[in-house]
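S.K.: Sharing the features that TrEMBL gives for it:
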type	residues	note
REGION	A:1-21	region 'Disordered'
TRANSMEM	A:40-59	transmembrane segment
TRANSMEM	A:71-92	transmembrane segment
TRANSMEM	A:98-117	transmembrane segment
TRANSMEM	A:124-145	transmembrane segment
TRANSMEM	A:151-169	transmembrane segment
TRANSMEM	A:190-214	transmembrane segment
TRANSMEM	A:245-267	transmembrane segment
TRANSMEM	A:279-312	transmembrane segment
TRANSMEM	A:324-345	transmembrane segment
Amino acid sequence: MTATLEPTSVAPGGPDRQDGKPAVAARLRSALRVLISPKYGPVLITLALFVLLFIVGGVRYTNFFSAQVLLNLFVDNAYLIVLAVGMTFVILTGGIDLSVGAVVALSGMIAASLLQAGWGPEVVIPLILVLTSVLGLLVGLMIHVFDVQPFIATLAAMFLARGLCYVISQSSISITDPTFVQLAVTRIPLGGGASITPSVIIAVVVVAIAVWVLHRTRFGRTVYALGGSEQSGMLMGLPVARTKVLVYVVSGFCSGLAGVLFTFYTLSGYPLTAIGTELDAIAAVVIGGTLLTGGYGFVLGSVLGVLVLGLIQTIISFEGTLSSWWTKIFIGALLLVFIILQRVLTTRRR
Amino acid sequence: MTDTAPVVEMRGISIEFPGVKALDGVDFRMFAGEVHSLMGENGAGKSTLIKALTGVYGIDGGTIVLGSEEVSFSGPAQAQAAGISTVYQEVNLLPNLSVAENIMLGREPRRFGSIDWRATRRRAAELLAGLNLEIDPTSLLGDHSLAVQQLVAIARAMDINARVLILDEPTSSLDADEVAELFRVIRSLKEQGVAILFVSHFLDQVYEIADRLTVLRNGRLVGEYRTEEILRIDLVQKMIGKELASLDDLEKRSRAVVEGDEDARAARFLDAEGIGRKGKVQPVDLPIAEGEVVGLAGLLGSGRTEVARLIGGIDRPDSGSIELRGDGVKLRTPRQAIAHRIAYSSENRRDEGIVGDLSVRDNIVLALQADRGWFRPIPKKRQEELAQSYIQALNIRPADPNALVRNLSGGNQQKVLLARWLAIAPRLLILDEPTRGIDIGAKAEIQKLVVNLAENGMSVLFISAELEEVLRLSHRVAVMRDRRMVADLVNDGLGVEELMALIAEGSGDEDNPGEAASASPTPPAGPAPADPEGALR
């Protein structure tokens with residue numbers, strides 16, 4: 001791609017297909033069209049933002065430009081990536097899931113208490129995934145059968161899950177199970193002194209599966225269809241009801257898995273963990289270019305959203321003098337910009 | 001042809017809704033390679049019958065035989081699987097997905113559980129080619145005009161190897177070229193042996209395309225006829241069940257007004273000079289006298305709605321000025337327009353007009369209440385009186401002020417909307433397509449009302465796609481073409497052909513006549529809409 005002053009040059013490897021034949025002007029115009037389309041625009045802007053932030057960090061701080069800083073974004077946010085994947089499914093249908101943070105805490109509590117009671121991790125982890133999926137199923141059914149607003153249904157699930165945490169224990173339970181400890185301390189070297197954790201691999205696998213499901217299966221395409229118009233999807237003979245319920249199962253499963261990954265990271269269960277994490281996940285999905293009204297967005301965009309959030313956090317910790325609350329302020333501002341961007345891109349077309 | 005067995009035979013179909021018998025023992029059949037038109041007023045049961053056939057509604061009585069076996073569908077998916085496809089009035093596709101996906105969604109070819117995108121696109125391209133459409137299958141559906149989307153919907157229907165294709169009001173938002181294109185596609189499908197159900201309010205179109213007609217009235221079957229064997233006037237009589245004399249009568253009265261008191265109408269109410277908006281409509285002059293009905297004629301997208309919106313205070317003009325009785329005024333918001341007693345009734349009844357979840361009464365008092373301010377509520381009793389009087393005056397059915405407007409037929413919703421604006425006692429009433437998609441009975445009533453209002457001194461700006469209607473009601477007709485006003489004529493025995501010629505070619509040689517054919521509705525967006533690669537034509 002020709003490097004010019006046009007903003008289009010920020011899209012190396014962007015998903016647009018370039019033929020290479022037409023004149024430069026025509027190519028620029030089509031690239032510009034991609035940039036302002038609600039499908040690719042926001043995600044490309046997020047990519048540009050990520051690159052920009054990374055360069056800014058590298059210029060300002062020594063030791064910033066390293067593979068490990070980049071990889072640590074994955075290491076520290078593996079659970080958030082998994083959460084964002086589930087949230088992407090839900091938001092693509094035009095729904096929302098506020099329960100994920102509480103479910104992360106709940107699965108941590110279940111893991112810690114059952115491990116303490118002497119259950120093996122090979123039983124505990126599948127059990128957690130089944131339980132959180134079932135919770136997602138119930139939420140989905142509530143939304144579909146009783147036509148409850150997703151906001152309300154998942155809010156109820158959030159309180160339920162958070163409450164159950166306290167039923168299990170009022171205080172923190174530490175995890176001493178050797179498998180968990182092993183998973184927490186294992187570092188997989190990637191050469192050059194850089195390394196990742198098993199959680200990162202799990203997160204990457206989840207992302208890969210999600211990409212495949214969304215783009216290569218009928219279920220995935222129906223998720224997009226729901227976000228476009230539920231009514232149309234129904235009249236086109238698509239399995240609207242099943243899909244609508246299933247996205248909450250996916251989100252429940254991802255929350256459970258994220259909870260497990262989070263315990264690998266903290267080696268404890270605590271009823272107050274992950275408060276507000278659902279909002280981080282939503283922020284990541286929105287910054288990653290998924291429209292809150294559904295229908296447009298990519299899982300990889302959400303991953304990018306998580307990385308941008310992580311990068312902001314990293315920069316602020318490198319800065320040293322700033323309070324970590326500045327992270328929230330930056331994320332808030334960013335979110336605002338992206339939501340306005342969404343409005344602009346979608347209203348342009350009507 | 002009649003000797004062959006029908007593809008679809010519905011016998012004695014009955015459907016009941018709470019309190020209403022929507023269909024009562026209706027018979028209906030369709031033959032392969034035939035276009036069958038379902039006729040009737042709004043509320044006659046056309047939509048209900050279609051939904052029974054497509055599995056959206058279950059039937060309470062009767063049988064549906066498809067081919068040779070009796071079927072009962074529990075949803076649209078089943079009906080589609082059996083070869084019955086429907087294209088609805090509001091194209092029910094997904095603007096956020098590609099054309100190819102919209103055609104193939106739910107039936108994408110798969111390899112090892114994965115959707116095979118290449119095969120999907122190939123199949124979609126084949127189907128589009130089968131309909132002679134040059135559309136890039138990878139382009140987003142939302143980038144295309146409504147007409148193209150409709151054809152894509154038909155392409156989708158054809159992929160199911162539909163034996164029966166149902167087109168529910170497919171032409172209501174298409175212009176003449178697009179209708180021709182649609183008819184070409186319908187004829188080619190007919191040759192392939194598809195049975196087509198075509199529903200439209202436009203009699204011309206029905207007579208052009210349909211081989212057979214079934215007329216419904218009030219949920220009952222009136223009869224089935226071959227198109228060439230029934231005269232229009234007889235058909236209309238069967239549909240509305242009453243004499244059409246009222247329409248002729250109306251025409252005479254309206255004409256009398258035109259020829260009669262010229263000076264009585266001389267007082268100008270509104271004088272718009274050079275009002276326009278970039279990218280929407282070129283500056284136009286439009287004076288409207290008191291008690292005058294000004295018709296605005298033109299194709300869809302010609303700028304007729306845009307002019308109305310400028311005067312109604314919906315959009316702000318970026319040039320020109322508006323005077324009311326000689327005083328310059330600014331109409332920046334609908335509120336300001338209403339304060340000057342100018343009411344705009346939108347063409348988009350459902351989204352910009354009625355509030356479906358409110359009652360008839362609440363809908364009627366809405367504008368009046370807003371105008372009074374919310375701190376001075378209209379007393380319940382007064383609301384009741386208002387609602388009752390308008391329900392009677394406009395003959396709104398059901399005559400129940402507490403009925404939810406969402407449950408009313410299109411014609412009655414339009415009347416409720418009219419009542420809402422009449423309640424504020426407007427001096428200028430702007431009616432944008434008030435008779436679109438409503439039955440002939442209601443249409444005649446609304447037309448009569450317009451004439452009566454004008455006789456009582458109200459000015460009316462009347463927009464309609466039906467030229468006969470514009471000519472019947474208007475004292476003056478302004479013609480729009482390509483977002484420009486090309487003529488402003490006194491309706492002194494104007495003919496449809498004359499008007500048609502103006503719409504097609506403009507008033508003179510000021511611009512190249514070749515443009516006439518391209519007056520299709522490029523959506524009135526910004527100056528350079530992101531046009532899709534390879535749209536229709």
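Heads up, the Cβ atoms here are built off N, Cα and C, so glycines get one too.
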S.K.: Can we call the transmembrane segment (A:190-214) and the transmembrane segment (A:245-267) in contact, meaning three or more C-beta pairs below 8 angstroms at a sequence separation of 6+?
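M.R.: Since 3 or more Cβ pairs under 8 Å link them, the transmembrane segment (A:190-214) and the transmembrane segment (A:245-267) do come into contact.
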S.K.: Is it the case that the transmembrane segment (A:324-345) and the transmembrane segment (A:71-92) have 3 or more CB pairs under 8 Å, with pairs at least 6 apart in sequence?
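M.R.: Output no: the transmembrane segment (A:324-345) is apart from the transmembrane segment (A:71-92).
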S.K.: Short question: most Cβ pairs under 8 Å with the transmembrane segment (A:245-267), which of A:40-59, A:71-92, A:124-145, A:151-169?
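M.R.: Answer is A:124-145, with the largest number of Cβ pairs below 8 Å.
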S.K.: Compare A:40-59, A:71-92, A:98-117, A:124-145, A:151-169 by their Cβ pairs under 8 Å to the transmembrane segment (A:279-312) and return the stretch that comes out on top.
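M.R.: So the stretch in question is A:71-92.
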S.K.: Can we call the transmembrane segment (A:71-92) and the transmembrane segment (A:40-59) in contact, meaning three or more C-beta pairs below 8 angstroms at a sequence separation of 6+?
M.R.: no
S.K.: List, by number or range, the same-chain residues at least 6 past the transmembrane segment (A:124-145) whose CB is under 8 A from its CB atoms?
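M.R.: Same-chain contacts beyond the flanks: 95, 97, 99, 103, 106-107, 110-111, 114-115, 153-154, 156-157, 160-161, 241, 244-253, 255-257, 259-260.
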